[in-house]
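Participant: Let me begin by handing over the structure; questions about it come next.
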Amino acid sequence: MVSTPASSVDFDEVQLSLHRTWHQLESFAASFCALDFIGGVRSVFFLGILAGGPAAMWSSYVITMIFMWISAAVLAEICSALPLSGSIYIWAAEAAGPKYARFIAFIVSFWTATAWMTFAAGNSQTTANYLVSLLPVFDIDISGGINNGNIKWRAIVWAVSEGIFLISISMNFLPPRWYSNVFKFTLGVMAVDFLLNMIWLPIGVSKSYGFRSAHDAFLTTNNGTGAPPVWNWMLSFLFTSGTLVGFDASGHIAEETKNASVVAARGILSSAIATGILSFITIILFLFCTPPIDLWLTLGAPQPFVQIYALALGKGGAVVMTVIAVLGLVLNTSIAILAASRLIFAIARDGVLPGSHWVGQVTAQGQPQNAVTVMGVFGVLLLCTILPSSVAFTSLISAGGVPTVAAYGLIALLRLTQTPYDFKSSRFGLGKFKIPFYISAVLWNGFLVAVYVSPFTFPVTAQTLNFAGVIFGAVTLIAIVTWYVTPEDRWLRREHIKAMLEYAERPAESQPVGDLSHNAK
């Protein structure tokens, strides 16, 4: 790493040309809407029913919430000191110190780019599952049956998933001012969804199959995974953590946010706290309002909640709730693509991706639309895994989670061992809690990595193999090879980081917007 002063670096050379017009609302919404507490809990609720049952779901969530808040605080601290696009890989690089910065940057950049792109693809399949789950509600049968073992059924899910993904991608070509309204509209949809579940669903349940008792809601256990009892319970953390991974999205749009050293860090922490509280309320609501486990397990649809809404609210009610859920998830996926495209842009801007010059270009309005296109191609190809695999859904969830929690844990580990007293400029310093927080984040996220790479269905066969670990290993290997063959003066030079930081801290009115010349060195 060269220690050239930031003032000697041409800003055009590092191509910092994103618009910078968003405020606290957009920063909060980037993470809060990407997390999507109501959609997140509902979409993978059935995984919790299978892994541990109600007793594991609420108790594991309390643990998850506390440790995810600690992880968010660790990221908020370093985000405040380095509010840059690409955020998490730059945070990891600087946390590693000069000796290991470049190597760590390569690893984490590949991890996080894979995680966010995989998440967007998996979320599109989640959305498709809602739509196709209306078929059994209206007694529409599919040749071969409505199950993931049927290739015809998987082909339908694949086609719908691809269509939804393309809709979400297309929204990212809206001008920044228009996309600000997408954030606001998404918050509104989530509020309506939450209120209808809090009010309409309990009314419907009271008039149909009835509420669960406190014993059923809090103490019932279940093993639907076939795993040994203890590990079956541990697999409940796939459900609980899945609703709280992704709060770093606020950091990805930091260079598009005014007063980013405060606003972006606040967006990370506040979105994690708000999502945790609202998700817990939603979990408790659903534990009382969903039918008994034996009835739940007979629901023959990829998204059981659609049939639950039909039982409680009638077919019309199921359609209304499904449409709202689908709309929220499409918007949620679009925001995830927004965060991922900024990450891809940043990596390209720093010169490591093949075709970096093209990928790192932006429009006259300050948008990295070529990065969005790359995101689209990757997602379309990744969704094709639905066709050969009957467990593509849980594997995509895991593949999106593993690299992210691994990055969270690695940053905490590097802060603990390499740079515990650096980044004193942070507005969100952890003070006397820093060491306990770093240790907690390392242990917690390390445990989550083990959960995410574990098979979810036992005994394990070729058809039920969780390929998340394979993806994670392959991506890590590619990152190491890329680091080895890329010249040291080509990517993530220290003077570039200093220049980016200086640029990000400049007043918005002094920052140029447009397609600046790019020099991927």
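Cβ from N, Cα, C; glycine included.
What TrEMBL shows for this protein is this:
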TRANSMEM  28-52  transmembrane segment
TRANSMEM  58-91  transmembrane segment
TRANSMEM  103-122  transmembrane segment
TRANSMEM  155-175  transmembrane segment
TRANSMEM  182-203  transmembrane segment
TRANSMEM  230-247  transmembrane segment
TRANSMEM  268-288  transmembrane segment
TRANSMEM  308-339  transmembrane segment
TRANSMEM  371-390  transmembrane segment
TRANSMEM  396-414  transmembrane segment
TRANSMEM  435-453  transmembrane segment
TRANSMEM  465-485  transmembrane segment
Participant: What stretch in 58-91, 230-247, 268-288, 308-339, 435-453 has the biggest tally of Cβ pairs under 8 Å against the transmembrane segment (182-203)?
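Facilitator: By the under-8 Å Cβ criterion, the transmembrane segment (182-203) pairs most with 308-339.
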Participant: So, taking each listed stretch (58-91, 268-288, 308-339) in turn and counting its Cβ pairs to the transmembrane segment (435-453) that are under 8 angstroms, which one gives the highest count?
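Facilitator: Going through each listed stretch, the top one turns out to be 58-91.
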Participant: Same chain, outside the transmembrane segment (230-247) by at least 6, Cβ under 8 Å from its Cβ: which residues?
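Facilitator: Answer is 31, 34-35, 37, 40-41, 44-45, 47-48, 51-52, 56-57, 60-61, 63-65, 68, 72, 75, 119, 221, 223, 268-269, 271-272, 275-276, 279, 336, 339, 394, 397-398, 400-401, 404-405, 447-448, 451-452, 454, 456.
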Participant: Cβ under 8 Å, sequence separation of at least 6 from the ends of the transmembrane segment (58-91): give me the contacting residues as numbers and ranges.
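Facilitator: Cβ under 8 Å, 6 or more out: 18, 52, 105, 108-109, 111-112, 217-218, 233, 236-237, 239-241, 244-245, 247-248, 250-257, 260-262, 264-266, 268-269, 271-273, 276-277, 279-280, 283-284, 287, 342-343, 345-347, 349-350, 407-408, 411-412, 415, 423, 425-430, 433-434, 437-438, 440-441, 444-445, 492, 497, 500-501, 504-505.
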